[in-house]
């Protein structure tokens with residue numbers, strides 16, 4: 001029995017999202033464990049005096065949403081171009097571009113600025129969702145559908 005193209009595509013997309021999820025969970029756990037160990041080893045630093053778990057949780061959640069949007073954009077680009085160098089080039093350009101325009105008002109519509117904003121959220125202790133996070137959630141769905149259309153149209157395996 002042949003496997004449908006839909007199953008193949010959604011297994012690729014699911015694999016990307018699960019890889020991101022486990023990477024973020026591992027980084028989150030490593031961050032919390034390192035903070036705990038620093039509070040035991042160097043109590044002078046004061047890690048044990050401040051509960052940073054909520055800010056860190058929301059920061060890593062926002063990072064997961066951002067990286068999911070970027071992953072779906074990169075999936076669409078990899079289906080659009082035959083060569084792997086174009087999606088990598090676009091990703092690298094957008095990474096540099098996002099740092100340059102991160103403070104602009106239109107940067108909320110560029111998912112690549114999410115990583116920069118995540119660092120700023122830790123520093124400012126921001127644990128609320130912003131317009132960028134909602135835009136990234138929409139972009140995950142939009143680029144998933146675009147990728148599905150490109151996959152069905154090309155018939156790639």
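Just so you know, glycine gets a Cβ as well, placed from its N, Cα and C.
Now, the feature entries from TrEMBL:
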TRANSMEM  15-43  transmembrane segment
TRANSMEM  55-77  transmembrane segment
TRANSMEM  84-102  transmembrane segment
TRANSMEM  129-151  transmembrane segment
* Looking at 15-43, 55-77, 84-102, which one has the highest count of Cβ pairs under 8 angstroms to the transmembrane segment (129-151)? -> 55-77
* Structure fact -> Within the same chain, the residues 6 or more beyond the ends of the transmembrane segment (55-77) and with Cβ under 8 Å of it are 12-13, 16-17, 20-21, 24, 27-28, 31-32, 86-87, 90-91, 111-112, 114-115, 117-118, 121-122, 125-129, 132-133, 136-137, 139-140, 143-144, 146-147, 150
